């Protein structure tokens, strides 16, 4: 039959590796030809070979009813399940193994493979090399860098039979640094960019939101090693450029995703960006400008001071007092943080400032660290607990250990009158130093509270002015003024899903782990100012860059299900009853399949033959034109759909991967069930061998467009006869 002949032609066109001898290539072609000829004599559908279509009757993609997926998703999370999670379960993409642990089924793996192919291509383009490190890591290096304690209970820890301690890797900074330190000796071996795509582990206390927050996840992590900070920053920007191309290819350009300035968190370093897909289900909040490209997460975002929010009186501000709790510490500085009472304190910014205070005073020991002692916005009970003073044994009160006061006020407090600021400080310090339940605040002036510091103002007490530093400790919010373009009230808030993160680490890990290089003569002069390691080497300047691959699948499912719902808000041109309301519209670059050839009756051998004929014509057309299967369909329906003319897609050449882009649905299911399943798989095109084939020898071609599925009826020859 014609369909068998076309399959034979496809086998003949299959390319083989150039290293195979010509005789071996011919032998493989002969085997393919003989197997095709044998199949033509059988009444059953052809057996699967490397050049045959994927048949859904043998493809493992177990679908579920809505009630089944709801039950499955409820057992995998304590939170309300995401609609996209239920659709991934219904569509046969994933199954829940336990809370926060999922099995990826074949269709999900096809998407994952396309995502990783894009990542591989773009990282290879910037000279990155792929490797695979172990997931079972000795804990020694984690103790050395301090991350063992920082990550705490989120780190999976285990011991072997020899009582050696290991961790299951959530990231691999320590391991890769050790590896490179062993293999790189000279700066002539730099720069070095190494990455892997492997399973990671994190003991999430509350796994939720399907693939977005799990205990086991697939991640791409890249690590860069340079000889200088200048080179490392250049590498950082080059990797960021690769990320732009990766996310543009996966999610689409034109605002489909955002890069945001971010805090470095437990990873460390001093430069960081997050990469987000905006979605109401996201756990992160972004602050972005509606007039320019400024974007940051709420931990990092800044805004211009708002005159309407600026305090004018002492009652308009909140005061937080910080100091060391150790009663043995004398001659301390009390640090007062001041911000508008109408503003929300940004704890991440505050924590960084406190960390700097500890570093500047040398208070590295835990008992010597500066901590919160009093918050004027907190309850008396909370403040009593924060003070922690033993009034019975030390009736003189906690102020005895402080001899000076330092004030760090938010920029929005810059215009506050000094006398009003002093009143706010006097009230806060007196309240903090008063015995709980006693006759509180005598409201002693600052000159009496800190005589050592302000005693020289005895003749002019009103002139007391504690040292003031303006800082940013407020949380930026919607309607604030953008710090970049200065446009008033231009900042907006949005929820988002984080899918990637980049960090410039500097020597955060290389110095701790004593990993570095011996400088060559031409580099030695450039690195003279760099403090050498104890082993005499110059520490590597490092960066680390992550992409959550399985999380991208979860984020894509959110967008694809939302796009399906959006498209079907207009009446479906094919199915006016709109019985199928659940499905995905995947981005072209990562869709598991492009098209399905659907047989209305899987037992009808004539229809099966017709389905194979359609498949072989599509493949032959794509090979002949050196284009993708999607392009074949786009040309076929272009005259029927003006949208395709208005939005031409980027042409993609032929590759053997295209053989799997069109599947045949030969299952023994009703046509209605197959159509419902096809929505969940997210095909862009459907070819139905059904009633039109029986009556006219034609097939129905359907494609997804605004308003739902559109359709046209064409002869089989149309797949190889058009000239568009």
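Going from the start of the chain as shown, residues are counted 1 onward.
Every residue gets a Cβ built from N, Cα and C, even glycine.
What TrEMBL annotates here:
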REGION    1-81  region 'Disordered'
COMPBIAS  33-53  compositional bias 'Low complexity'
COMPBIAS  54-66  compositional bias 'Polar residues'
COMPBIAS  67-77  compositional bias 'Low complexity'
DOMAIN    100-587  domain 'Aminoacyl-transfer RNA synthetases class-II family profile'
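A Cβ distance under 8 Å defines the sequence-distant neighbours of the compositional bias 'Polar residues' (54-66), meaning residues of its chain 6+ beyond its ends; these are 45, 48, 72, 86, 89-92, 105-107, 582, 593, 596, 602, 660, 663-668, 677, 680-681. Regional average pLDDT for the domain 'Aminoacyl-transfer RNA synthetases class-II family profile' (100-587) in the model is 89. In terms of DSSP secondary structure, the compositional bias 'Polar residues' (54-66) contains 1 helix, 2 strand, 10 coil.
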